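These features come from TrEMBL:
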DOMAIN    87-385  domain 'CDC20/Fizzy WD40'
REPEAT    141-175  repeat 'WD'
REPEAT    218-249  repeat 'WD'
REPEAT    354-387  repeat 'WD'
Amino acid sequence: MDFDYAHYMLTGGRVEKEDVGPCSPSKQLYRKHLAEILNMNRTRILAFKNKAPTLAKDIHESFSPSCKQNRLNREDIFLRQSPERTLDAPDIVDDFYLNLLDWGSGNVVAIALGNSVYLWDASDGSISELLSTDDDDIGPVTSVKWAPDGKHLAVGFNNSDVQLWDSSPIRLLRTLRGGHQLRVVSLDWNDHILTTGGMDGLIINNDVRIRSHCVSTYRGHNQEVCGLKWCSTGRQLASGGNDNLVHIWCVSMASSNSSNQWLLRLEDHSAAVKALSWCPFQSNLLASGGGIGDQCIKFWNTNTGACLNSVNTGSQVCALLWSTHERELLSAHGFNDNQLTLWKYPSMVKIVELFGHTSRVLSMTKSPDGHNVASIAGDETLRFWNVFGTPLEKPGIERKQEPFPNVPRIR
């Protein structure tokens, strides 16, 4: 694989063994320098007898300052290893299966803390309470999800109710009942259809415009449905469950009585699958992550069902997010480092690991511009990271740390 050396040998190397006749002093000097550069005295390529040869001075000088600057700028990503902001999030329910955080298109973060839901406006840092219930027969809140308009929020509860709220002005619009029998832990929107996943193993499509909202049901999981994601086209739905299964559903396959409606049933994971993320630059590519007994990120072609790659991360995979700006994937983890890991796709080489949480990450969400990420963990902190941002656009900005004892409390 040493192409320079191979080319030299193929085009007349080892000239000292050939009778090539007399040559000029300049040509002899050239051959001598060429032999020294290519280390002609070596007997093996992998030999540890001599120190590595030093690079010639002209090679160092051949790199222009602009090239050096580009390399340094690319490495600026490692300056983003600490959160840009940390907020206290008391009373968070430390349950792997819940989905308690979402960042809407209106640039407002919704977070469920116990029996309450709070809204944090990323544009001005203001905090408001959306709802709070003292009725333990209803709470705690088990899931939240913004509608595509960024104004309406769906909230799932432990008693199987799903509420729809208007965030401005704050008011309850309606309560969806009668679909699930147990808690609702996963939500996702497909236009006016709100899809809900429950502990009863059902996935229900709710048309929020009509009184009889349960328009179709997907049956296939036999345990809690903890992950739900519609693809960007709205044609396929991915679901993950505590039964270690991933299903791909087609929007046209839903019905109220069929028991085998899935398009694909993917059985390669060996633990619960909560982390699901559709690729933004390839519509039929799905990433899924397994729990503590699996620890793998798998990539699927949802047209064929083929598993394209599987990467063992070494820890529980709690959430996955694709970058909308680069071919990168962010994963959130549990024991033992509770870190966020940024991967280069498709090589799956680690770009950077982000540490800060002291307990497993429960949920992760991305800002509307696709640059920032918010994560919440069992350590009762909500942290904001500039993961997918572009350092080249913000040179010289100093990251301000907010010490944990003085952070504002979401109350």
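Including glycine, each Cβ sits where the backbone N, Cα and C put it.
Curation does not apply to TrEMBL; its annotations are automatic.
Below 8 angstroms of C-beta separation, residues 93, 95, 98-108, 110-117, 119, 128, 130-131, 181-189, 191, 194, 196, 198, 200, 206, 208, 368 of the same chain, each at least six residues beyond the ends of the repeat 'WD' (141-175), sit close to that stretch. Looking only at the domain 'CDC20/Fizzy WD40' (87-385), the predicted model's pLDDT averages out at 95. Counting residue by residue with DSSP, the repeat 'WD' (141-175) contains 0 helix, 24 strand, 11 coil. With DSSP classes pooled into helix, strand and coil, the tally for the repeat 'WD' (354-387) is 0 helix, 17 strand, 17 coil.
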